[in-house]
Amino acid sequence: MALTKDNEDLVRVGRGTPMGGLMREYWIPALKSTELEAGGSPVRLLLLGEKLVAFREPSGAVGVMDSRCPHRGVSLFMGRVEEGGLRCVYHGWKFSAEGKCVDMPSVRPEDEFKNSVRVARYPVKEMAGVVWVYMGTRKVLPELPRLEVLNLPENEVDVICLQRKSNWLQNLEGEIDTSHFNFLHVGGLHADEVPDDHPLKYTAQVAPQYLVKETALGTCYAAQVPAEEDHTYTRFAHFLFPFWALIPQADIAQNILARAWVPMDDEHTMMFFFRWTGSKAKRLDTPLKSGSPMPGVTLTDMKYKENTTDWYGRWQPLGDESNDWLIDRDLQKVGRVFSGIYGIHAQDQAMTDSMGPIIDHGLEQLAPTDLMIVRTRRRILKALRAHEANGTLPPGVDEADQYFTPRSGYYLTPKSVDWETAYEQRIEGLVR
């Protein structure tokens, strides 16, 4: 079955596509700063379907440009990183981080050809341990998003990257689909095994009420179940344009994080997980009452393949379709790890990538639990069509400060307080 136009337009991100145009309005996380050694080898970088090369000069300046030399199309990945730019090893032409040809030793100076040659390049900034790229056309650049976690001291922020073999929207929707948590991640857990003061005891109630609304920057949801003494336990999360998810991994007072689901191309995504390391909140992988580890639940033990230099060679997980995502059927059979896959990131990876690189939305039978997914698709499509029709800027492009206040997490509130008011009361005064 052919994909619908909406389905296609939501996931295709190459230059000239509707979503590609919308994404290019924003600053995009491209790679970790540590991936670029000063004076070291260039890095192949696939971003929104464009083949780029990134490098760091000996002085520390970063450049991101088209991977092809404008002379004969040779790969600039093979080039020499020098002070002042990247030199093609074919004919010695050298390009600055601004894309100018600054040296052309194979052509006589009197021919005055050097100044007429440029390589396509993109503006870059570094923040929170990440190199950011702006791929749009504006002469006055937008500001970087002022997400709370990005404004903490860099030594208090951990950045995790992870590549997935599926489109960006599929991965984002996995983040905002909270109904899977009680099954995929903790389906083998019994509430009476969890410490009395740990919120995972509420996961025994596997069918919460879901409440969703649009926000200035995207959408948000609250998933609620009854708690003790006329209280409600709430898990609250956000989608923020264009590809950000703020998820409820800890108590809202301590949960300072953000995940970006950055399209490498139409069928591959790079996750950037920014996490505050100073959180004192109880972790999801807190030991059980017995002292035993929580079965199958870990947030940090991600196993990677060794990075290579090819276009898809960065931050690939060890588990993939070729080895059935390392599923352990015996572990699954005894029920302690519901999925048979160890680790939260690996579990999510298996589910999302097993759908295929681009799922046909026409084959889905969405349930009331999928309200956040439905509303988020509509929200994105609305912004996409307005941008496509008349260039209307999507949310947040020129409102960088608005990203600072949203917070995700879980919390208890009196049943008498409505969900929107309860959230506003809980985040009041929290932002660091």
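The backbone N, Cα and C atoms fix where each Cβ goes, glycine too.
What Swiss-Prot records for this protein:
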BINDING   C69, H71, C88, H91  [2Fe-2S] cluster binding site
BINDING   H180, H185  Fe cation binding site
DOMAIN    27-133  domain 'Rieske'
Candidate with the highest Cβ count within 10 Å, taken from the binding-site residues H91, H180, H185: H185
Distance from H180 (Fe cation binding site) back to C88 ([2Fe-2S] cluster binding site), taken between C-alpha atoms, in Å: 50
All-chain count of other Cβ atoms within 10 Å of C69 ([2Fe-2S] cluster binding site): 25
For H71 ([2Fe-2S] cluster binding site): intrachain residues, at least 6 apart, with Cβ closer than 8 Å: C88, Y90, H91, W93, V117
Count of other CB atoms lying within 10 Å of the CB belonging to C88 ([2Fe-2S] cluster binding site): 22
Where H180 (Fe cation binding site) falls in three-state DSSP terms: helix
PLDDT averaged over every residue in the domain 'Rieske' (27-133): 97
Within the domain 'Rieske' (27-133), residues counted as helix, strand or coil by DSSP: 12 helix, 48 strand, 47 coil
Distance, C69 ([2Fe-2S] cluster binding site) to H180 (Fe cation binding site) (CA atoms, angstrom): 47
CB-centroid shell, 8 A cutoff, [2Fe-2S] cluster site C69, H71, C88, H91, site residues removed: P70, R72, V74, Y90, G92, W93
Alpha-carbon distance [C69 ([2Fe-2S] cluster binding site); H185 (Fe cation binding site)] in Å: 47
